[in-house]
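Below is one structure, written out as structure tokens; the observations come after it.
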There are 2 protein chains.
Amino acid sequence: MEQLKQRILTEGRVKSGNVLKVDSFLNHQMDIHLFDEMGKAFKERYKEDEITKIVTIEASGIGIACIVARHFNVPVVFAKKSESRNLDGDLYTSPIYSFTHQKEYMVRVSKKFLSAEDKVLVIDDFLANGKALIGLLDIIKQSGATLVGAGIAIEKGFQGGGDALREQGIRIESLAIIDEMGEDFIKFRD
Amino acid sequence: MEQLKQRILTEGRVKSGNVLKVDSFLNHQMDIHLFDEMGKAFKERYKEDEITKIVTIEASGIGIACIVARHFNVPVVFAKKSESRNLDGDLYTSPIYSFTHQKEYMVRVSKKFLSAEDKVLVIDDFLANGKALIGLLDIIKQSGATLVGAGIAIEKGFQGGGDALREQGIRIESLAIIDEMGEDFIKFRD
């Protein structure tokens, strides 16, 4: 998606440890117009699939998922990372290791909101090593729902998580795939 | 807002410790149609104000804030609760005590995304004792931005946080204010 790639090139900053900062439009300040264009792009790619639910993970996936959900006319369910008095009853859970936060945490989805009747599109802002996505796929599998695929804003292709999942037959549509990046360059996959 | 009140009455469940569970449409599964109607309602209430930015706090405020932001045609900035490698540089910070999670945490907003030129609307899903909102207002004050007001989906009026802030002259528009609730009843303020 050209518009997203341009924003990454003009506003993104590459930091040590494979960090790409895009906090001016994606995951701290959020450009709702851009999210809306991303929603159109995902809808175009998944228009033949009868998505019934969008699943994402807190926190930075939620904004994109909600704007994307307007284009599919379905609700969003977000997996929770923290224990909460507001989360009780039967849960699907899966452990995820976060390199960003350098710890493992359990993600949780209430069993009420995912079932075998659902056809699920997973939406997230980033895909790097794939740990978060694998955790969400595990939860979807537990629920018996059909995984249609994933829609990712920025995939760090050089970290391999996306391609490893594609090799397992999982459909992953990323709007910008970065194959290489350094302090003064970002190279997208064609 | 009648539609929201009806959803609270039909799907909300009152639990011990003043917990109102509305996870089927507000803060775990999210009904995007309802959020869109909430966006219209907030826009109607703040239509005379030239909002330049919407501020919220992760995680459950983000979805509502993004859908609401479409109606104001402005970006969203969400305050972060956790330390992150993706958050560096100059930050506004404020400590918030969470009764839901029973701990104090620091919320953070990058100085890049709030300035004295901004006219800010704060959006959140819940207002109870007001601690989260007070933390956000502190950050907005630090930035020199103008606080226009807050837009809240559900205010637990009996916990007093909203009225205490109104007494200080802060404009708070809540779409459903609960003045009393128990296991088998929910009473809204007129």
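Indices start at 1 and increase along the chain as displayed.
Cβ from N, Cα, C; glycine included.
TrEMBL does not curate its annotations; it predicts them automatically.
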For the xanthine site that TrEMBL describes with B:LEU20, B:ASN27, which of these is also annotated: B:LYS156, B:LYS187?
B:LYS156
Quick one: give me the count of other CB atoms within 10 A of the CB of B:ASN27 (xanthine binding site).
23
Under 8 Å Cβ-Cβ to anything in chain A: which of these binding-site residues pass, B:ASN27, B:ALA128, B:GLY130, B:LYS131, B:ALA132?
B:ASN27
Compute the average pLDDT of the predicted model within the domain 'Phosphoribosyltransferase' (B:35-157).
94
On the three-state reduction of DSSP, what should I expect for B:LYS156 (xanthine binding site)?
strand
State the count of C-beta atoms found within 10 angstroms of the C-beta of B:LYS156 (xanthine binding site), not counting that atom itself.
24
